[in-house]
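First up is the structure itself, then whatever we jot down about it.
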Amino acid sequence: MPASRTVRLIRLGCARNDVDAEELAARLVDAGWRLTEAPSADVTVVNTCGFIEAAKQESIDTLLEAADGSTRVVAVGCLAERYGAALADAMPEATILSFDDYPVIAQRLEDVLAGRPPAPHTPRDRRTLLPLTPVDRPRAAAEVGIPGHLGGPRVLRHRLDDSPVAPLKIASGCDRRCTFCAIPSFRGAFVSRPPADILREAQWLADHGAREIVLVSENSTSYGKDLGDPFALEKLLAAFGGVDGLVRVRVTYLQPAEVRPALIDVIATAPHVAPYFDLSFQHASPRVLRRMRRFGGSEEFLNLLAEIRRRNPRAAVRSNVIVGFPGETEEDVAELGEFLRAARLDGIGVFGYSDEDGTEASGFPEKIPEQEIRSRVDDIAGIAEEVTADRARARLGETVDVLIDGVDDDRPDACYGYTEVQAVDVDGVTVLRDCSAARGALVRAEIVEIDGVDFLAAPVTGSTAGTPSGATVEG
């Protein structure tokens, strides 16, 4: 291959997609491709998102924008996997690749440049690629080619940024059948990665600049159910204490109905685990949740929150909710609002319902008009803003560990970063005044001021206690 071959990788969507993009980057670099951010690259690969309508539109807009230049455009990721040939027909400007093409991505791009792009795939339900019985899946998964699941002594990953925070995939797919969600159809059945592979990748990430690792999957509380160990996630989290160079690990995508006491204990109390619970409540009305084919309701969720805070009153809780689900009444919306006020969550994402192709809910009657959905979203988002701001104010005076990510653009004498109760990209940030710490440093500080959900903090002098994995805290 000529040395001049260049490729631009554009990442859209969630942290799981970021992991997949870094696998693609590693494969391309291994094959001699040079990564660039220039729009004039020989090929632009867009790692698309296909989750909800807004994300799909962003992916399409990004593909069209890239196609305006001289570069060849290739679509990978969830939108490409989900729609395949139909997307190719609608968008002849781009070559559409499947997850199955990832192991041979370099050859596929060579074919595109040579004028022989591969024929687009016909989408299939990827749940059918693995056995129905979970314990039979890990061995079969090696033959399927699941993105981000490679094992072996060498980590196939190339970091695309120098952030001190890095995502790490512990599982893929989902066995739940939520009526609003299409993800299992194109991400497949749930399958866990072996703990040894995860820990090897964690050490590699730490060796390449990561100080905090964020564990991602479609459903992290199911981790290990196919490995024959109901406490596999608890053991995995404990094992991260032995990864040299890490200051903390954060676990995301927890299903409330699957959260167990032992898991609460390790997340709430282990010194190297962020006391942070990312719980996908989705709603609070039991009636709406049943139609979503989910479990629980206000009472069960509040009991779970009480148990978390009994173990660690400082623990942070984040969740997402869907407003405007078919059949949702004004009483259901009121119950959701009351729940959010009582729950005192640290972070809340509010989404308006939209029909997704192939989902059960898309065929439900009693659809809510779009204008009414927007109105309900505005109402719940207003409550969410009040609740999260109140929760942030309650942290005034707390001592936290701030992982420094950079220098504040508005204040050269200040740094910004994230505490143990703030996840990068989805929660607020902490601005640390009078700070000269380097990126990746962990600084003990006191929260002295609140701005919405953001913290202003001051370093605590003379404090260096309590850091995991041999790391130091500056103060």
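For all residues, glycine too, the Cβ spot is worked out from N, Cα and C.
Record check: Swiss-Prot places Cys49, Cys78 at the [4Fe-4S] cluster 1 site, and the matching candidate among Cys14, Cys174 is Cys14. The binding-site residues Cys49, Cys78, Cys178, Cys181 differ in how many other CB atoms lie within 10 Å of their CB, and the one with the most is Cys78. DSSP places the residues of the domain 'MTTase N-terminal' (5-114) in helix, strand and coil in these numbers: 59 helix, 23 strand, 28 coil. The least crowded of the binding-site residues Cys14, Cys174, judged by other CB atoms within 10 A of its own CB, is Cys14. Annotated pair Cys78 ([4Fe-4S] cluster 1 binding site) and Cys181 ([4Fe-4S] cluster 2 binding site), C-alpha to C-alpha distance, rounded: 13 Å.
Across the structure, Cys178 ([4Fe-4S] cluster 2 binding site) and Cys14 ([4Fe-4S] cluster 1 binding site) place their CA atoms 19 angstrom apart. In this structure the alpha carbons, written CA, of Cys181 ([4Fe-4S] cluster 2 binding site) and Cys49 ([4Fe-4S] cluster 1 binding site) are 14 Å apart.
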